[in-house]
Amino acid sequence: MSESLRIIFAGTPDFAARHLDALLSSGHNVVGVFTQPDRPAGRGKKLMPSPVKVLAEEKGLPVFQPVSLRPQENQQLVADLQADVMVVVAYGLILPKAVLEMPRLGCINVHGSLLPRWRGAAPIQRSLWAGDAETGVTIMQMDVGLDTGDMLYKLSCPITAEDTSGTLYDKLAELGPQGLITTLKQLADGTAKPEVQDKTLVTYAEKLSKEEARIDWSLSAAQLERCIRAFNPWPMSWLEIERQPVKVWKASVIDTATNAAPGTILEANKQGIQVATGDGILNLLSLQPAGKKAMSAQDLLNSRREWFVPGNRLA
């Protein structure tokens, strides 16, 4: 029975905490929890524990918060727990080879894509950004490479035209624990069937940046609409008006050709703010000026119509 496995859990954000909660709710034997050190947060910069630490302490589990797992004394913390397997979900620290080899069944990771597509830091966002029809989670055996280990289990889900990174995150946070629990049972039973990743299908999910999220009107309307969903809730697509950043929460594509230069405002009315792009027209529907709440294009036009005069160009 998989419940008899001695499991170390390593993770940090809410996504990881949901996996730990699922393990505990299904009766698995978690013998120790590793998570990142408390970080300053909020205006007061008060030290705040990670969601994983909060849950682990609520459940009375031993918690370890090393800054790194490279020092010998920190690796000994792992060794002393005599785990059968280490489950790693968005931990945020590199596991050295020595640590990867400590548990009897090695270390397994829950990754937010259908590997080998979107190895790396931002798989959820990049799947939206690229216009993928589906994504999912992969449970893999960890090795020293970046998401290069053998795949143990996959679950997929469709990406809808309304999905943002936020909604997709929630979907994968439901799928991941299901896949993890199934994989642990297979490891315990000896029925797991590792599958080598096809190197010809590898793509990399590079980190996001605030600068990348600035709207580039030379791109197509379809690409920009995907970017707006991919970068929501972070870093949020934005444009600059009168030296102020204005976030864009929602937009749609108008499939009409235009000869206007990219960035040219074509219309500004209750249907939205229509802007020419490198290919097609992007209709801005929901925006957020600096220091304000998100609002409809109509509400923004009521107070800032001078920002969106047809014929003017957005930078």
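Glycine residues also receive a Cβ, built from the backbone N, Cα and C atoms like all the rest.
For Ser113, Leu114, Leu115, Pro116, the entry in Swiss-Prot reads (6S)-5,6,7,8-tetrahydrofolate binding site, with the evidence type sequence analysis. The Cβ neighbour count for Ser113 ((6S)-5,6,7,8-tetrahydrofolate binding site), using a 10 Å radius over every protein chain in view, is 25. DSSP assigns Ser113 ((6S)-5,6,7,8-tetrahydrofolate binding site) to coil in the three-state reduction, placing it in neither a helix nor a strand.
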Within 8 Å of the Cβ centre of Ser113, Leu114, Leu115, Pro116, which other residues of the chain have their Cβ, at the recorded (6S)-5,6,7,8-tetrahydrofolate site?
His111, Arg117, Trp118, Arg119, Pro123, Gly136, Thr138, Asp147, Met151, Lys154, Gln197
Within a 10 Å radius of its Cβ, which of these binding-site residues (Leu114, Leu115) has the fewest neighbouring Cβ atoms?
Leu114
